[in-house]
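Right, one structure below, let's go through it.
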Amino acid sequence: MDAQGVHIETHPREGEPVFSAGRPDPCTLVLFGATGDLAERKLFPALFELARSGLLPDHFAIVAFSRSKLEDASFREHVKEGLKKFARTQPLDEAAWKRFAESIETASGGYDDPEAFQRLGQKLQDIAKRHKTGGNQLYYMATPASTFPQIIKSLADADLLKREEQPGQKPWHRLIIEKPFGHDLESAKKLNKELGAVLDEKQIFRIDHYLGKETVQNILVFRFANAIFEPLWNRQHIDHVEITAAEAIGVEGRGGFYDETGVIRDMVQNHLLQVLALCAMETPVSFAAEDIRDEKNKVFRALRPIEGGDVPQHVVVGQYEGYQEEKGVKKGSRTPTYVAMKMNIDSWRWQGVPFYLRAGKNLKRRLTEVSIHFKSVPIGLFSGGGATCQRLQPNVLTLRIQPHEGIALSFESKIPGEDVNIGGVTMDMDYAESFKKPVPEAYERLLLDCMRGNATLFARQDSVEQAWGYITPILQALETEAGGTVQTYAKGSKGPDAADALPSKNGRRWSTL
Ligand code: BG6
């Protein structure tokens, strides 16, 4: 029973998964940025969890590449210390660690040093023999975006990145590229061009960790594996959609990076637009990567542009108090740490249905969710009753992405008694409770998919450019007076009050944070 007393039963099915891409190929993963924060907090913990659960290929090795000199033994110790803090399963499984540690080797040198890349090549040949990886190579770029072009060039010059001429070619070379993928439309196009000069699109995996979250993947299952929701999923029944990504933390020592980036580049251009596309896309022809990515791309193409003087009508930006005192942030910075937007999708399905997005740091609490607000009932059958009769609340379907992953549906119900009194109740499904198993980390799934060559959960060239094409004019307006003022908001608040005007102009309001 949940808090509101609605009982949920789960019926997990036994047997083969509905969709499994099989076991990953043997390979060597070369990790650029191996001493960085992302590697310590997310990538090594994800790789370790995969190793511990027996999901990595039987023949697998990691080469940790860094500009600073690394020694195998001391680097392994550094990884172990990180795992003690960040591994998903605690305490650290020592036996699994011992096996995992043996797969880690190191390499170092400047990203523009041809000799360092020659040495890397020799190491990879040697590893291919020792670990029987068949020469498959996966490069992970967990470095600052400014270094991507140089690393790609050095890999290509050393003949370590070979274009795939035919599908399924072996050994394969793949590249995972971290966000931010470009800074605006022009730089994203340039980076795509540089990648395209060396690699086929099938070899490029633009990572967006939101797509690896179980709850984000479940959006498609929820929509297309149930017959009752999809007929309602359109302008006839839905009043508006809200997508929220609120964080309780600030810039966390990343002030320098964040000040150049801001919340729109950091969260909206990638994570939130991807979530929006999954909620708004049409039914794909199949569950294959290209069919899903085609449909998502159509959503991006249908986004109604917001430009110039229109921006303040649709976009409210804010900065938390004390942001300018953060290390690395420029005094007088106008970089937003909060954004709220009203977006429209000019498609048959979504005409007249606004999508409200908001994201920010240092807000009241951590909450990422999508809420689908249905239309009100057409007539007020219950409104003529006694004084106790309440205004009916429209149904809301909430897809809780994190924390407390789950799905909730609110509806109206008669409160027991002689009078007709109506109250709201919520049916609530909680992932952890329903399936009795921990929800895997996004990076685990994404790393595995890349080793399997499955690009479904990665962003394709055209959609990255479409998303930047939509966002860039908004960023440009915000950099000038035309974009309006940057509101200040208190740490721990719901964000600037000015954001309330976006839905309230149409008689709506944000869900409570
Ligand atoms: C990252 C952003 O991509 O996503 C961070 O760079 C942000 O600023 C993070 O904190 C949020 O991810 P999650 O998984 O915690 O919602």
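Every residue, even glycine, has its Cβ placed from backbone N, Cα and C.
Unlike curated entries, TrEMBL annotations are predicted automatically.
Looking at 164-188, 314-338, 489-513, the range annotated in TrEMBL as region 'Disordered' turns out to be 489-513. What TrEMBL records for the substrate site is His209, Lys213, Glu247, Asp266, and among Lys361, Lys364, Lys375 the residue it adds there is Lys361. Checked against ligand 1, the binding-site residues Arg67, Lys213, Asp266, Lys361 give Asp266 as the ones with a Cβ under 6 Å from it, listed in sequence order. Counting only same-chain residues 6+ beyond the ends of the region 'Disordered' (489-513), those with a CB under 8 A from a CB of the stretch are 239-240, 242, 244, 246, 248, 250, 314, 316, 318-322, 338, 340-342, 354, 356, 358, 360, 362-365, 367, 371, 373, 396, 398. The local packing around His209 (substrate binding site), expressed as other Cβ atoms within 10 Å of its Cβ over all shown chains, amounts to 20. Figure note: comparing Cβ neighbours within 10 Å for the binding-site residues Arg67, Lys179, Lys361, the maximum is reached by Lys361.
Reported as a whole number, the C-alpha separation between Lys179 (NADP(+) binding site) and His209 (substrate binding site) equals 9 Å.
Between Lys361 (substrate binding site) and His271 (active site, proton acceptor), the C-alpha separation comes to 15 Å.
All protein chains included, His271 (active site, proton acceptor) registers 22 other Cβ atoms within 10 Å of its own Cβ. Counting every protein chain shown, 24 other Cβ atoms lie within 10 Å of the Cβ of Lys213 (substrate binding site).
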